[in-house]
Amino acid sequence: MSYFTHRTNPDPFLLAAAGVGLAAAGVGLALWQRRRNADRPAFPTDAPHWTKERKSDRALFGKSLLINRPREELFAAWDAKRFPEFMENVVAVEEAGDGVSKWTIKAPAGREVTLVNRITETIPGESIFWQSTPESDIANSGEVRFTDAPNGRGTYVSLILAYDPPGGTLGRLGAKLLQREPEVQARRDLHRFKQLMETGEVTSNASPSARSSETATQPHI
Amino acid sequence: MRAVTWQGRHKISVETVPDPEIVNPRDAILRVTSTAICGSDLHLYDGYIPGMRAGDIVGHEFMGEVVETGAGSTLKKGQRVVVPFTISCGQCFFCERQQFSACDNSNPSETRDASELMMGHAMGAAFGYAHLTGGYAGGQAEYVRVPYSDVGPVVIPDDLSDDDVLFLSDILPTGWQAAVNADIEPGDTVAVWGCGPVGLFTIQAALLLGAERVIAIDHFPTRLALARKYGAEVLDYREVDVREALDEMTGGIGPDACIDCVGMESHGFTVDNVLDQVKAKFYLGTERPHALRQAILACRKGGRLSIPGVYGGFTDKFPLGQLMEKGLTVKSGQTHVQRYTGELLDMIRDGKFDTVSLISHHAPLEDAAEMYRHWHDEQNSYTKIVLKPGLPKGAIEAVQEMAHA
């Protein structure tokens with residue numbers, strides 16, 4: 001009797017365990033397939049370097065967005081004076097002369113970090129490269145690149161960033177969970193730059209709700 | 001102000017919440033005069049749309065009077081406007097191509113991550129519809145903030161009533177786009193699954209766009225009666241084998257175009273739909289695409305499939321081989337409302353559409369919870385509900401006697 005009862009009402013935990021087992025088998029198979037493929041010489045790719053799989057201590061991140069404005073206009077707007085308009089986590093940018101700037105940035109758990117970066121190369125209308133100096137709290141380097149999009153579509157703007165995550169991989173994961181990780185911040189800031197350039201304002205969903213923790217003028221997730 | 005809020009599955013309540021404010025230069029604030037409950041609000045009600053949060057203000061079909069404008073708005077205080085449910089900037093790559101529902105700026109950077117993860121690319125934003133589409137408060141409220149108010153809202157002349165034009169916000173352009181997407185040619189037979197408000201407008205649109213005949217499929221007598229009134233031949237799927245009937249009505253080749261105005265919550269006691277229902281109950285799937293499966297099998301070879309019905313995620317038992325082997329063309333998507341509002345307003349003025357006879361009830365905003373329940377449970381007698389923030393609680397008006405029900 002109990003045998004049939006079990007058959008018609010399978011234990012949800014057993015079902016879940018079976019599901020986990022299937023998933024694990026799938027992951028194992030994928031890893032095995034991947035290792036097999038790793039022995040094969042790779043054909044040189046045309047993909048941007050930041051999209052390649054790689055092993056590195058530095059977190060490398062790149063994001064490109066199509067912005068429906070001319071390249072020169074966007075290059076001119078990428079100016080430290082305007083950064084607080086669209087970089088949500090940038091508290092202040094101070095110019096220290098000689099291409100060096102000091103950035104105060106919001107970090108997880110209400111802290112602030114200071115980045116000291118030097119612009120190492122500027123190609124007018126095309127690219128700005130930077131590299132952190134030894135005083136910087138976080139070692140980082142990066143590039144912002146402006147490329148014409150085809151057929152009058154505007155400009156591809158690429159933000160490429162490499163940095164040493166404080167606390168290593170775990171620290172990075174924690175910062176991601178707190179939405180204060182540089183990759184998350186940079187991607188969102190790039191979207192805000194696009195919104196500002198295309199629409200003249202930074203998009204906000206600020207509107208009322210029946211949640212007492214929110215106001216009608218603050219954006220929410 | 002008072003607003004209709006989503007509190008969880010099958011939980012709607014009217015709450016007092018803060019008034020909306022101007023946040024960006026292009027914003028405007030409306031005092032809502034009419035706001036309808038949409039079939040897609042039932043997907044929220046049933047808990048099928050991910051990304052809702054308790055306390056969200058719902059409603060994406062609304063119109064009202066402009067009471068406040070930002071510095072960049074082109075609207076003027078006192079104007080009556082209908083607002084498209086899609087929030088669109090008008091200046092991005094997509095808006096420039098009139099693919100307004102794909103707007104790349106309206107979904108804020110905070111909410112677009114989850115949307116991008118789920119869909120591959122972040123969806124455009126909409127009013128009162130989950131945080132995957134921006135998390136904006138909806139218009140089933142006394143007041144609402146309208147972003148990009150220089151682009152979307154349609155200014156309504158005084159001689160047209162709210163009921164005449166309210167549906168420009170969603171279901172009329174959605175029905176119109178559904179028919180446009182069917183690429184109708186002279187002589188075509190068009191089959192429409194679902195005679196809800198979108199289906200009823202799709203029927204009218206298909207005939208206006210030159211369909212020879214429209215065959216509509218549903219099971220609610222009132223809705224089938226409306227479909228017939230708008231010019232369709234009707235099939236009650238409880239009485240006939242739909243595919244056999246469609247074949248027999250088209251000399252065996254099937255309809256030239258099939259339009260799924262049902263979406264993710266198909267009715268019907270069929271094997272595939274019962275399985276889908278069970279899976280949905282256990283959160284193993286969200287989609288119940290029985291109507292879409294049937295439409296694919298019913299469509300003629302080389303025919304066209306238009307999908308205005310809302311789907312939310314992944315499905316299985318999908319007749320992909322049938323779609324490919326029959327060489328169907330598929331067009332789908334949320335409605336590019338702003339693209340069609342101008343011509344549709346003209347067509348309403350010319351009397352080409354019947355926009356009012358599908359309204360079954362006018363009700364006060366305060367009675368929204370009860371109205372959602374009726375809309376969910378009594379789809380035969382409730383064919384379209386319009387909420388009025390001005391009416392006192394309890395002042396519910398059944399607009400038409402459903403003699404044929």
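Cβ from N, Cα, C; glycine included.
Note that the coordinates shown come from a computational prediction; the quantities given were computed from them, not determined experimentally.
Feature list (source: TrEMBL):
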type: DOMAIN; residues: B:25-153; note: domain 'Alcohol dehydrogenase-like N-terminal'
type: DOMAIN; residues: B:197-273; note: domain 'Alcohol dehydrogenase-like C-terminal'
Can you give the mean pLDDT for the domain 'Alcohol dehydrogenase-like N-terminal' (B:25-153), rounded to a whole number?
-> 96
The domain 'Alcohol dehydrogenase-like N-terminal' (B:25-153) - residue tally per DSSP class, helix then strand then coil | 28 helix, 35 strand, 66 coil
Helix-strand-coil residue split for the domain 'Alcohol dehydrogenase-like C-terminal' (B:197-273), DSSP-based | 32 helix, 15 strand, 30 coil
